[in-house]
Each structure stands twice: as structure tokens, then as C-alpha cells.
Amino acid sequence: MGTSFRTQWPNDGELYFSQNWEAPVEDNKRYLVIPFIISLLSAGVLLARVTKHYASKSRQQNEEEGVDAVETRPKGIVAKNGGVVVFVFMLARILGSAALVGLSVPVVLDSVFKLMGTSRDWYDSVDLQSSASVLLANAYALALAIVAIAVPQWRDWLIRHNIAILLPELVVYSVRDVWPLATYNKEPVDRDEGWVVWAKIGVLFFTSVVIPVFIPNLYKPVDPKNPSEKAHPEQVASWWSFHTYGYLTPLILAANRTEHLSEAELPPIADYDKASVLANGSYPYLNPMKVRKGRHIFWGIAQYFSYELFKSILAITIYACTIFAGPLAVNRLLNVLESGGESTTIRPWIWIVCMFMAPLVGSVGFQFYVVVTTRAAVNMESIVTQLIFDYSLKVRLKAEASQEAAGKASPDTPAETGGEQTKTARKPKTASSFIGRLNNLVTIDLNNITAARNCLLLAWLVPFQVIASSIFLYILLGWSAFVGLAVMVALLPVPGYLTSVLQGVQGEKMKKTDSRTQTVTESMNVIRMVKMFGWESKVKSRIDQARAEEMKYIKKGKLLNLFISAVTFIIPTITMLATYTTASIFMKLKLNASIVFSSMILFDSMRDSLHQANYYIGEFVKGRVSLNRLNDFFTETELLDGFEEADLTLSIPHHQGLDEGVIGFKNATFTWSPESSPTGASTPSSSSQFRLSVPRDLQFKKGKINLIIGPTGSGKTSILMALLGEMHFLPTHPDSAFNLPRAGGVSFSVQESWVQNETIRDNILFNTPYDEQRYKKVLHQCALEQDLELFEAGDLTEVGERGLTLSGGQKARLTLARAIYSKAEIVLLDDVLAALDVHTAAWIVNKCFKGDLVEGRTILLVTHNIALASPVADFIVSVSADGVATSRGNDIKAVLASEPSLKEEFKHDQEALKSEETIIDAPATDGDKAKKAQGKLILAEEVKHGNIGWKALSMFFNALGGDHVVAFFTLWIFGSVFEYSMHSFNLWFLGQWSTQYETHPVEDVNVVRYLGTYVGLTSILVAAYMARDLWWMFGTVRASIKIHSLLAESILGTTLRWLDETPISRIITRMTNDIDSVDGGLMQWTEGVQNLALIMVVDLISAVLFVPLFTLPGLFIAILGTWVGSLYLKAQLSVKREMSNAKSPMVAHFQAAMSGLVSLRAYGAEGAFREELRKRTDHYCKVARMTYDLNRWINFRIDVFGAVFIGSLAAYLTYGSNISAANIGFSLNRAVEFTNVILYCVRVFNMFQVEANSLERIAGYVDIEQEPKPTEKGKPPAAWPTTGELRAEKLSARYSKTGPEVLHDLSFEVRAGERVGVVGRTGSGKSSLTLSLLRLIVTEGGVYFDGLPTSEINLDALRSNITIIPQMPELLSGTLRYNLDPFDEYDDATLNASLRSSGLYAAHSDSAEGRLGLESNIASGGSNVSVGQRQIIALARAIVRASKLLILDEATSAIDHETDNIIQNTLRRELGSDVTVITIAHRLQTIIDADRIMVLDAGRIAEFASPAELLAKPEGLFKALCDESGDKGHLYEVANRVKSSSVSSSSTITP
């Protein structure tokens, strides 16, 4: 060792400090004046505050800082001071302060007596000055305590000042009289006072430490005017209870006394965590307009949480300092043992106490850091969730389109409007849905952002540890430490580079996740269509393909994480080797045990820091990517024109040319894309954009019914959308304007009915007060009374997600009822008659539109049914096929004269009115839909109890192991055991190396041999580490693919009834959130459980190897930790499962709001939905906060157990054993790691259980009711079916195995090529018949299709050979070609022919024919085309499929008669002679020319014969309907014409 500098820690550091810093005794006594000085400062501060307070007489007392309004309300001194417990503590403080005054008096008197015997003046006596100052300080503290209890409103400040005086006094006495007891060469300074000094120290400790630490807090509401009914326990917990989390113990014990701890049993949410408080407080910092102007949202978040950031830094600094207390204590303790206790002044027990206390203090600091950050994370979730929701309410919702080169998305119409479309081609797999993107933002992205909260550890703790470790290593090893540090700095760019690559991969991975989420969301939204068409396997292939694309990047990310982890493992190892090599070979240092094991702890600390940094970097990268995506959402999403960018408040800026009360347009043009040129000239981006034009002045009549008519797809809906501000306004003239006054309220009934997952009544009321008389009128006028009789729970029946319990007509009338019940002055109705049969539509017109509820209200009615609606119209607007709206007055004849297509439609409407005006939808005894008692349909989400089930674990383990489960886990576990054993052996080998310096001179130690051996052992360790992690990584990738595939297959293969009972949002949550958990958290924590369990075993064996006596204490600590962990797990699993289930309602609320966004804005219901979101967010945050806090409870207790084990082992090794210093160092090193591992093992096992909740939820959906799987036996002949022959024998059906029958013993035969009409009243079983033919519901009896029993045919084969066009056809996002032929089976000629045959082109004028083509873009669900166009496209799809059996389920109810005629002609002309067509329709005109007609009544066949035969029955039901019709003669004529053109045959009904 060189002599010019000192490279090792001095043998007696205390001697150095005592020589240089020891103060003279007299100076030491002057420190007793410190409390008196603080008292003077305190008196000045309090005097200033009191003066300020009483100088402001006008200020209310409860507004004064330091005044607690809630505390002044109770009567009596005990109640005013917070109750009995707090009052007792306050009295104890007074007694303690009084005792201190009493104990200070004898010392003062003693000083006086001593002074009296001398000639010195009192001011020259240090003893008298110090003792008198202590007496005065204590007397002042006593006065503060007394005033605090007498004047409660000043209590907090007075108590703080009391503590500020007494605590420094305790510190002074501790330094003077307690510290000397820890040394060999000092004695207490005040020993002459005898027992008085020790009594004084004890009372000081009790008064200034014990009382402040244990006294409960008083509840202080955020808003004193609106306090919570019950405070959260943490708000009233004492300092001790808060920092040791004792306030959670009653909850944990309660959880262990019950099977499952429900959400209602949890403490209420703290008022400072409530969504409304957070939203109001954060808005100035997180105003989206600041983000839109270029300020990244990160800065707003950082500014709002700046105080939390400060507290976190402070707490983590305390923790970081305690980390180095361990190496320091080990170094000094081993140094004492090596030197035999010679020349040391500090007693060994002080280092043992340090080893015990450092982990506890560090735990308090670290747990507080986690509490602060997790609370901030939960608060941020609440804030960002509300922020996204509020912002989404202002967004122009457009259909998704491909990303062009310029980075712009081609805009379309919003979902819900049924408006027009563009021709922009789109690749389905690269699409991004707005709602899907929103789902990802509030689920995956928000999770990533909150998971990145530990970036502070990366930015502060890791550098702190590395720098501090380097300084400490320099003290131990001299400049060789800088060699190691230089090596580390040189190697750090490697993980930095890998991290930058990882960030790019994570960004691409999130894009693929978006694509998969959109694919899953879209597939689930059209799951009924998928099942009806037998597309399950095809859709699964599409989902699997999207998953495969995502898994490529997940695998890349895992590989990069593995390499980064390996690099961060290797860097400290190389650093250590470089340091030891330099120290031993070049500096010739003596590497004894105290140096080796102290430095090993430091190197391990650096390795752990960098290893954690790798994890934090991964979380940070994901969080940063997600934060950028969130920022992009605010900056790139297009807002409605009506929102001012200054503050995002709605304005109506476009009525300057019109009076404020006018409803209408003036020289206005509208598009869905702001890029369209206002001059009308087409640009490359706008040539195919739809444009709504309103030349000249168009003003709707106020207080009257205004009719908006036009051909299918002409833009009638766009008139309403333009008025509502949903379209982009393009001024084409200086006085261009439009206006919709909202002062009196606006209600809106959308064409594609939007209903909430609530009861029928709640849907109608829509957050308005219940008026029974008005409500009953609405039910009557909207023809809902008879429908309600079909449900056991009446209007309290839940309609289900997207109204799945209701028919299309029922949903339309429910949406209409909502608009009519509203007292809004303006009512916008978008084709509400489309989904209704003629009689019901006539009822609506006669009872509702002519009723008192619409009298005096302005009605804008879009409709196809001109003949029915025109008699009540006071003003008519027509829209031409090219989107030009024209005012037509109220002369319907003039309108028809100018629009030939409308004239033809009007004529057909009149015929339909005459022919079907008598069809009544009377209630039947059994409905098509299963009845539900108490109105419940959606089943409550099941909350699993207890630990993770074996079924879920078995699925997981089998997915990990693949075909060789045993081999996989054997090699994985063996690799881990080998790695950890090698790690301990390496450490022991270093100890053996260090012992050589005890028995040999430095120059005689063979450093090269020992160093080479150590390098070889380390290389083996690194190789084992890499091999094991690679083996595990491949297993995780395999498991992710397998579990996702099982889940998708199970959901696609389930029954229709299960899908009806399960909200789509839950399914999507399983396929997104839970799968994301499996991909990430579950894999990580599974590996962690295995790693830590094996490390704990290896470390315990290593720790007690040289002290077998401590095997039992070690096991006891492990068992105790496990027992406490089991208590914690019981509570945590309950809470975590509640948290998982609390997330779905938030997502469902988002989806519901976004799917009805236009309706929400029209009604002005944003506020009500915002409040509902806050309720759901508060529910989630309450549970989430508890989840995080429970983790703190177990962490602190495990830290206590570990500290006890380390301290007791160190004490035994020091005072009770005679083993070598090297072996003591080895045992202590392993003991430290063992105790840390206990904590992490319990924590990680909990996290595994928590993440396994997602696995359990997935397993629950994998194990659901399934339809029969395809078998080889079930494959029909290749040529089947050759005809459309259909036969049923005693067919019965029910919606569930335990539900009532909806079809009863139906027997009939339909010959190939027949056209059969099915009629019947509502609830007669028409839709149930179609579902039973497709085996979508539970059936009994036999159905034979082309001679084969359908019960023996694979479902995919059966359904793919039958085509159904449902009431509300569902389309996929993609091109029109993709919708017609999603699996690329046909050429363009076939597809174009099907479009032409279906009537799509004939439905428009020649100028509009090009508007829809094979390359036209269709939004998800077909939201950018009208309902009529959807039905035409669905018919085209049916023509392409060329099935032998075609079922039309009221498919023509929403299209005009011209298109209807085209469709009917298509069915007669385009379909083969052997194709059987079954048509379910309300229009007798539609089916009167059918070959035969089946009349259903209450699930039974009432009549089944040709129209002529049915009309010949004297008392037949069908004849009665026709005879009562106003067009009886025409119906009889058509029926007889059919009879003469074909051979009549009687019905085939088996008795």
C-alpha cells in the first residue's frame, strides 16, 4: 500500500472524530441553550400569527389557515379535542411537560447554590445559564400544551411548536449522556445529576417522541362545507399507525374471518382521492388546449404532482442512505473481530444495533415513497380517465381509414349517424378504430403510464447508489475503485443502446396491440353475425394472424430485455473483477474479510441497482410510448367546429346570417372532412368526399313537424348532423350560416337505435325526473305498452348491452320514447319509422306525432315513409341523390312532381298502408326473447374466492411446457438451483481468498490463481443465467400464444345465450387487459416466485452453514413471514379481484358513451355521463388504493422480521461463536439476502396471485358452455346441399336449457326452390324459428336440410350453407369488397354482379352510382352507411354466398319501396330455381306472392299453405287480416295470380 494516501477505512474512525471535533465540556453545556433559543423564535412566530388572525375581523374563522371548522362544532372540551383518546394524549403531553419543568428546577437550584459559594456573577456561570434556559424552555413548552388543549382551533400549530422545543432538547441530552455509553472511552456528561438526568431523558422521549408518534390524527376535510360522512382510516391514523400501516390490521383480520371481503366492507374513499376533487384541482395544469398548443402532457402531470415528487425524493434519499449502513456496519464489525477489539473506541453492539435499525428506517422511508407514488398513480388514473372522457365528448367521431403517406387519416361519417361514405381503400389489418384506440388509452396505455411511476428510482436512486457505492469502494480499495468505475462507465452505453432499440420495438408492439384490439373488438361486436354465417374458424384465423404479428414484437422485446438484463448483470461483475485485479495485483492491497465482504455488499448493491434499472427502463420505455400516444390523442384528434380552442367550451359561431331563434341554413355546405375545398373544386383528398349543400335560405318551421325526405343514402341524416354541429361547416358565401337554438333543449332519436345497458324505464327517463302521467303517455303513444307485457319485470327489465333483449322495432320505439319524454323544444328524429311494421308506424304517426306530447314542439323527421308521414307534415325538405337540400313548403304533390323516384315510393307507401293497416302486434303468451325475472339479463361478474384455482394453473403450466411439461420445468428449476448455488459458492470462494491474507504475507498470496478461478466460476454463473432465462423466455412466448388461442376459440365457439348474458365489454377486457397481463406481469411474477423461493432456500442453507444453531431461528422467521403473508394474501386477493372487476364498468361506460356520442351531445347529457364516470372511477380508486396500501402492510412486517434475524445472528456471531471473520462475513452476507428475499418472496407471490386473477378470469371464459365442435363424422358430402329442401319434425326450441319453450312441436316441409313467407304477431316465434334452423338455440326434434339431419352436421358446415339477413345487418371495417368476400374466395366480376343484382346501384341516380364501389371504405359495424344500404350490402353478400337456403328476417323494413322492389325482383330473378327463400316480414304486400305462407301464433304453426288456400279458409287468421285490409282486392288478385301460375299444394303439417 502506498504511504502518500490512505486507502482503507481507519481502524477507529471514532478516534479521529473525537480528536478533531470533541468540544470542551463548558462549550458542550452551552448546547443546552438551544431549546431556549427555539422557544424565543417560536414565541415570535406565534405572536405574528395571532396578530394577523385577530386583525382580520371580517374573515370567517373557518377560512383561517390553522382553523378547522369541523373541530369547532362539537360541544365540550373533550369533543372539541377530538374525543377521549386524543384528549388523553393531550393530557399526557401536559403532564410530561410539567414533569420536565419539575425535573429542571433541582438542577437550577443546584447551580444557584454552587454559584452562591463563589465570587462569580450569575451571567458568568455557564451551569446556571444552561440549566435556567432549559427550565424556561420547558415552562414555555408546558404553556403551549395547556393552551393547545384549551383553544382547539390553534392546537396544530401549538403542538408543533411544543415538539420543536422538546425534540432538540432530547437530542442534546442524548449526545451528552447516551452516546458515551456506546464508547469505551467516554462517560455521560451529566452523571452528577444522578437519576434526574435519566428521568429527564425518559420523560423527554415520552413527550417529544412517543406522544407525537402515537396520537391519532383528526379528520380534516378537503372541503369543510362538505365533509365525508366517514373518514378513511389513514386520515385519522397516528404517525406510527400510518407508517407501520397498523390502521389496516383490522381490515386484514376481518378478511381472514370471511370467505371474501366485498367492496362494501372496505373503508370509504378519502375525500382528497375523489374524482371531482382531482378533476377540479388538476384542470389548470392539464388543460388539453395547452397540449394542443405544443406543451407535452408530461409537464402538466409533473407540475400537478410536484409536491408528491418532492416527498418521494426525500423518502427515497432516506432509504438510499440506510442502504449503506449495512456495509458500514459489516465493515466495522469484521474489523473489530479481525483486530481482536484492540485500539477501538466504539463498542461492537452499536454496529449490531445499526444492522438492526437501518433496515427498519429504510423500510419506513421506502414504504412512504411507495405510498406517495401509488397514491399519485391512482389519482393520475382518475384524472387522465376523466380527461380522456371529457375530451372525447368534444371529438368529431369519424370512421377509421388507412394512414396515408402524409400521415392523415381519411375521414368519414361518425358512428351512429348512418350517413355517407368515401371510396378510400383500406387494409383491414392496419386499421385503427377510434373507439378501439380509446379502449387502449384507458386500459393498456394508462396501465403503462402508471407503471412507469418508479422512473424516479431510475433517475435518482440508481445514480445515488452507484455514486455512493463508488465513494465507499474508494475508501475501502483506493483508486482501484476508479478503475472499476471507469470500466462501468465504458460499458454503460451498451444497455443504453439496447434500451433505445427496445423503445422502438415497444412502439411497434403497441401498434400491433392496437391492431389486435381493433380486430378483437370488431369481431366481438359482430359475433352474432359470425356465428350465423359459420365464420368462427375464419375469424379466429384473422385474430390469430393479428396476434402473431403482435407476438413477433413481444418476442423481440423479451429478447432485448433478456440481453439488457444480462448486460446489467455482467457489468457490475466485470467492474468487481477489474477493481479486485487492480487492488490485488497492482496496488498489492491486503484483501481481508472486512474489505471483501463490505465491498461485495456494495458490488451486489450496484448489481441490484442496475438490474432494477433494467426493469425500470422497460417500464419507463412503455410508459413513455404510452404517454406519447396519450399526447398524440390530444394533439391529433379532430374536434367539432363548435368548440372554441381557447377553453374547449361549446359555442355557436355560425348563425350570424340568421336570427338566433331560427332553425335552418343559409347558403351552407358541409362535409365530414375539413380538407374539402369550399369552392366545390375537387382536390386529391376530397374528390370522393360526400358534400351536403343547402343553397339559398332553408328555415324549418318552429313548433311544427318538418319532414326530410330523399332517396336511400342521399344525405337526409346529414341534415340533422349538420344542425347538431357534427359535420364540418364550409362557408361558400359571405352570409353562409346555420343555426340550431339549444336554449329550450334538443332531443334526438338516432336511426341506429342507441340504448344503454339499463332498464327500459331508465333508458326512457335518461337522467330526467320521473313524471308518471307523462311516462305512461309516452309508453302509450310509442306503442310500448304491449311490449312491456312480454317481460315479467315490465319496464324494469334490463335491455342488455346494445339492447340485445329487444327487437329492432322495440329499440327504435324505445329511442323514440326517450326523445318524446324529454321536454326539449326541438326533437330530431332520424328515420324512427324504418324498423317498424306499417301498423306500428301508423300508430306512432297517429298517436304520437298527432298527440299532445309533441304539440308546440319543433319536430325534424327524417323518413322514407312519405305517404304515412306527409299528412302530419307542415313543412317538407327534400334531399337529392347528390346531396342538395331544397325547401319544398308543405305541398307534397309539388315535391313528388319534381322527384320521380319519390313519387314512385309514395305510391307504394300508399298501397302498403291500405294493405297492412290491420296487422296488430298483440302480446303473445310466450315471446321470442327469454323472459327474465326482476328484469336482470346481464349476469353479475363473478368474483373468485380464495387462492388461484388449480384449473387455471394447470392451463398455464401446460401452456408453458407445451408437449413436454415435465422436461420444461425440470430443466428450468435445475438451472435456477445451479445458478444460485454458484452465486453462493463464488462468494464463499472470495472469503477463502481473503483468509489467505490472514496467514500469508501479501506478496505470497497467489493472486493470479485465485483471480483466474474466480473469473472461471463467474463465467459459469453468467452462462447458467443466460441459458435459464432463454429457456424460460421461449416457454413464455409459447404460453402467450396458446392461452390467447384457447380464449379466442372458446369465445367464438360458445353459445348464443352465453353471449346474450355476457357484456361485450367483459369479453373485450379478457381479450385485451387480461391477455396483456398474461403477456407481461404474470410471466414476470411466475419467474419471480420460482427464483425467490429457490434463492431463499439456498441463502438459508448458506447462512447457517457455519452456524447450524441458527437453522431453527431462520426457519422460524421464514414460517412467521409465511404466516403473516397468508393473512395478507387473503385480504389482498379479495381486494385485487374487486379491483379487476371495478375496471370493466369504467370501460363499458366509455364504450356506451362513445357509441352514443352524437345522442349525448344532442341531448346535452355530457354532465350526467361525466358524473356517472366519476362514481365508477371513485369505486375503482377506492379499491386500487387499498390494494397498494395492503402491500405496504406486509412489506414493513417482513422487514421487521428480517431486521430481527440479521441483528440476532450478528450478535451471536460476535459474542457467542469463534468462527473466522471470513465465514462470519459470508454468513452475514447470505443472511442479509435471505431476509430480503423473504420479503420479496411474499410480495412476488402476492403479485403472482394478483396477476393470476387475470389468468383465472381467462380460464373462466375458456371453460364456458360450448357448441358442438366440428368432427370428421359431421362433415357433409362435398356436393351437399344440392337443393334447398327443408323439413322439420316436432321441432321445439328454447333459448337456454332451463328456459321456457318458445317453439312447440313444429312440423312442416318446404320444397326446394319455394318462397315461403312467415308472419305472426310480436312474440309469435318468427325470429326463434330462424335461430332454431341454424341451431343457434337449444332445439329438440328433427330438422332435415336437403335430406340430412342438421343435428348430425357440423355447425360450420350447416351455417355456411344457409344465409340469413338479420333485421340490423352488421358489417366489418374494411372495403366493401372485404365485406362481401372477407376470405378472398371470389373475383371482382362476381362481386360487382352481386352489388348490381342487390339493387345497390339502382338505389341511386347515375350521378351517385359511383359513391359505393368495391374499394369504398366501410367503417366498423357499417356505421358510415345508412341502414338501408347495409341491408342492400347484406343481400349482395347473400347472393355471393349462393346458399341453397336464404332467410330474410324483416330485412326490407328500413329501405324505400323502389329499393324493396329491386330486392324482391332480385330474389325472383337472380336466385336459382332450387334456392329456398324464407321471408319474415310485416308487409303482406311483400309475401302475398310467396308460394306458401306460414302463420305463427305463440310458437305454434297456426296456418301453412299457399296464399290462395289461406284466403279460401272461411275463418282463417290470414284471411281475416286480408279481409280487414284496405287493399283486399289487390291482395286477392295477386294470390290468385300466383295460384294460376303454379300448382297449389296444401300445407304439410304432421299432427
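Heads up, the Cβ atoms here are built off N, Cα and C, so glycines get one too.
Copied over from TrEMBL:
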- 31-50: transmembrane segment (TRANSMEM)
- 83-109: transmembrane segment (TRANSMEM)
- 158-175: transmembrane segment (TRANSMEM)
- 195-215: transmembrane segment (TRANSMEM)
- 312-622: domain 'ABC transmembrane type-1' (DOMAIN)
- 349-372: transmembrane segment (TRANSMEM)
- 404-428: region 'Disordered' (REGION)
- 455-476: transmembrane segment (TRANSMEM)
- 482-502: transmembrane segment (TRANSMEM)
- 559-579: transmembrane segment (TRANSMEM)
- 663-906: domain 'ABC transporter' (DOMAIN)
- 955-978: transmembrane segment (TRANSMEM)
- 988-1249: domain 'ABC transmembrane type-1' (DOMAIN)
- 1007-1027: transmembrane segment (TRANSMEM)
- 1115-1133: transmembrane segment (TRANSMEM)
- 1194-1215: transmembrane segment (TRANSMEM)
- 1286-1523: domain 'ABC transporter' (DOMAIN)
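Listed as Cβ neighbours of the transmembrane segment (955-978) (distance under 8 Å, sequence separation of 6 or more from its ends, same chain) are residues 1024, 1027-1028, 1031-1032, 1035-1036, 1038-1039, 1042-1043, 1046, 1082, 1086, 1090-1091, 1094, 1098, 1252, 1255, 1259, 1262.
Most Cβ pairs under 8 A with the domain 'ABC transporter' (1286-1523) among the ranges 312-622, 663-906, 988-1249 are made by 312-622.
Residues 31-32, 34-35, 38-39, 42, 45-46, 93, 97, 100, 134, 137-138, 140-141, 144-145, 147-148, 151, 190, 197, 200-201, 204-205, 207-209, 212 of the same chain lie 6+ residues outside the transmembrane segment (158-175) yet bring a C-beta within less than 8 angstroms of a C-beta in it. Among the listed stretches 83-109, 195-215, 559-579, 1115-1133, 1194-1215, the one sharing the most Cβ pairs under 8 Å with the transmembrane segment (482-502) is 559-579. Non-local neighbours of the transmembrane segment (1194-1215) in the same chain are 243-245, 329, 333, 336-337, 348-349, 351-353, 355-357, 359-360, 362-364, 366-367, 370, 1103, 1107, 1109-1110, 1113-1114, 1117, 1120-1121, 1124-1125, 1128, 1132, 1224, 1227-1228, 1231-1232, 1234-1236, 1238-1239, 1242-1243, 1246; each lies 6+ residues outside the stretch with a CB under 8 Å from one of its CB atoms. Looking just at the domain 'ABC transporter' (663-906), the mean pLDDT is 80. Tertiary neighbourhood of the transmembrane segment (559-579): same-chain residues 473, 477, 480-481, 483-485, 487-488, 491-492, 494-495, 498-499, 501-502, 505, 599-600, 603-604, 606-607, 610-611, 613-614, 617-618, 1011, 1014-1015, 1018, 1022, 1025-1026, 1029-1030, 1033, selected by CB-CB distance under 8 Å and a gap of 6+ residues from either end. Cβ atoms under 8 Å from those of the transmembrane segment (455-476) belong to residues 7-9, 309, 312-313, 316-317, 319-320, 323-324, 327-328, 331, 373, 482, 484-485, 488, 579, 595, 598-599, 602-603, 605-606, 609-610, 612-613, 616-617, 619-620, 623 of the same chain, restricted to positions at least 6 beyond its ends.
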